[in-house]
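Note sheet for the following structure.
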Amino acid sequence: MAPGSSSSRKKPNILVTGTPGTGKTTTSSLLSDAAELRQINIGDIVKEKNLHDGWDDELECHIINEDLVCDELEDIMEQGGNIVDYHGCDFFPERWFHRVVVLQTDNSVLYDRLSSRGYMGSKLTNNIECEIFQVLLEEARSSYPEDIVVPLVSNCVDDISKNVTTLSDWIRSWHPTS
Ligand code: DAT
C-alpha cells in the first residue's frame, strides 16, 4: 500500500457532529483523552487561523470558509487519528472519515442547555428546530456511507460515558483495512 494512502493509517478519523449543545466538544475531549486521538474543534481553528469570511450578525457566528478549512486540515487528516468536532458535516471530503457520530439530545434538555449558554430569540429556536427536524442526521446520511453514520443519544452525563466507551471500543477494534 502506498505510504500516506488511507489504508496505511494507523488510527481512524472520527467526525462528531450534531446541533450546538448536544455535547460534541465535551464528548470529543473525553474521547480524545481515552483513545489518544487529536481533537480538532473546527469553530476554534476557524477563529484562531482566520478561516472565515467575517462575522454573520444575524446568526451571531463567523462565516466559515469551507475551502480554507479543508485545505488547512488535509495533511493532518491524511495521517489519521483525529476527532473532528463541528455542527456541520457536508463540506468535508467523504474519504476523511471512518466514523461519523451524530449526537442527539431531547428538545427540552437541549433548550435548557442552550438557554444557560445565553442563546435566545431566533438563535435558540433555530437550533431547537434543527434538532427537532434531525437536520444533522439527514446531512450526515446524505454525505457519508450509511454504515459509518452512527446516531448516539446525549441527554445526560451517563450517556457521555457510554458514548465514550462505545467509541473507544470501536477505535481499539478498528483496522486500517476495515
Ligand atoms: P457542543 O460542542 O455540541 O456545542 P458542549 O460539549 O459544548 O456541546 O456542551 C454544551 C453544554 O452542555 C456543556 O455545559 C456541557 C453540557 N453537556 C453536553 N452534553 C451533555 C450530556 N450528555 N449530559 C449533560 N450535560 C451535557
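Cβ atoms here come from the backbone N, Cα and C positions, even for glycine.
Curation plays no part in TrEMBL annotations; they are all automatic predictions.
Note that the coordinates shown come from a computational prediction; the quantities given were computed from them, not determined experimentally.
Secondary structure at Thr26 (ATP binding site), taken from DSSP and collapsed to helix, strand or coil, is helix. Summarising the annotation, TrEMBL assigns ATP binding site to Gly21, Gly23, Lys24, Thr25, Thr26, Arg117.
Tertiary neighbourhood of the compositional bias 'Low complexity' (15-28): same-chain residues 39, 41, 83-89, 92, 96-97, 99-105, 110, 113-114, 117, 119, 127, 130-131, 135-136, 139-140, 154, 159-160, 163-164, selected by CB-CB distance under 8 Å and a gap of 6+ residues from either end. Marked as compositional bias 'Low complexity' by TrEMBL: 15-28.
Per TrEMBL, the feature region 'Disordered' maps to 1-28.
Using a Cβ-Cβ cut-off under 8 Å and counting only residues 6 or more beyond its ends in the same chain, the region 'NMPbind' (41-64) has close neighbours at 25, 28, 72-73, 84-86, 88, 122-123. For 41-64, the entry in TrEMBL reads region 'NMPbind'.
Per-residue confidence over the region 'LID' (116-126) averages 95 (mean pLDDT, predicted model). The annotation region 'LID' is assigned in TrEMBL to 116-126.
Note on the region 'LID' (116-126): residues 20-21, 58-60 of its chain, located 6 or more positions outside it, place their CB under 8 angstroms from a CB of the stretch. Take the CB of Gly23 (ATP binding site) and look out to 10 A: across all protein chains shown you find 25 other CB atoms.
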